[in-house]
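What follows is a single structure, written as structure tokens, with notes after it.
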Amino acid sequence: MEKMSRQLPLNPTFIPPPYGVLRSLLENPLKLPLHPEDAFSKEKDKGKKLDDESSSPTVPQSAFLGPTLWDKTLPYDGDTFQLEYMDLEEFLSENGIPPSPSQHDHSPHPPGLQPASSTAPSVMDLSSRATAPLHPGIPSPNCMQSPIRPGQLLPANRNTPSPIDPDTIQVPVGYEPDPADLALSSIPGQEMFDPRKRKFSEEELKPQPMIKKARKVFIPDDLKDDKYWARRRKNNMAAKRSRDARRLKENQIAIRASFLEKENSALRQEVADLRKELGKCKNILAKYEARHGPL
């Protein structure tokens, strides 16, 4: 009863304005003094707390006074449930959770001045955990929206080798044709014949039939006029050109065949070396699989 009848001293800064006492009370609330017993008990509790903290290791406590995360319940509706974007750093700062417990215990800097390099791994770990579904029976939206395909596992920028033109491949062949043979295989006044580049068509490589000479027709001397001799000279020149062209083609084919024989032997030797190297690689691979299992 004595406590009820005691008058409380008013705040000296409190001046009730003329426009309303209720509004002034809301804006400037009264500050009640503490009772001596309450103040003494609070001082006692504070000293006890300090002794406990000095004797026991420090335990990180949250300064957030609101409800904790695990006390919150999310309303779930199968049709309207959606995951929204959340800033992870803001979420951690709101709930008073340090980025990593090791930094909270050993770092001399305050949480707001911690270097970004030390918090990066823990933030990545927490972000990977945050993408997990909230309920075990509900798959995450990333799995529902973008299923993983087998083709996506391969890198996008694969270095695929460009196709090689077989004509551009130069096989090292120790072949030096005779200059006299090259002269016989080349047309006078034109480029020298090159057996490495010259190719013949299938029609040119077909065997040619033997040409039989026509039967000689006896013509008396009194009929051998100027017209006869002009026709005779013309036929002889055509026959000579035909023989020269045929001989030139035969010489070119012979030199080309000689070069191809040399190239073929060089390629055979190269294939033999490659097969030998392939056999060694297969033996090494077989030993590795026998020791460490199949690849």
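In case you wondered, yes, glycine gets a Cβ from its N, Cα and C as well.
Taken from Swiss-Prot, the feature compositional bias 'Basic and acidic residues' covers 36-52.
Mean per-residue pLDDT, taken over the domain 'bZIP' (225-288), amounts to 92. The domain 'bZIP' feature in Swiss-Prot is assigned to 225-288.
Taken from Swiss-Prot, the feature region 'Disordered' applies to 36-76 (among others).
According to Swiss-Prot, the region 'Disordered' annotation covers 92-149 (among others).
Within the same chain, residues 184, 208, 219 sit at least 6 positions outside the region 'Basic motif' (227-247) and bring their C-beta atoms closer than 8 Å to a C-beta of that stretch. Look at Swiss-Prot and you will find 227-247 tagged as region 'Basic motif'.
Nonlocal intrachain contacts for the region 'Leucine-zipper' (248-255), taken as residues 6+ away from its ends with a CB within less than 8 angstroms of a stretch CB, comprise 177, 181-182, 184-185, 187, 193, 195, 198, 200, 204-205. Sequence annotations record features per position, and here Swiss-Prot assigns region 'Leucine-zipper' to 248-255.
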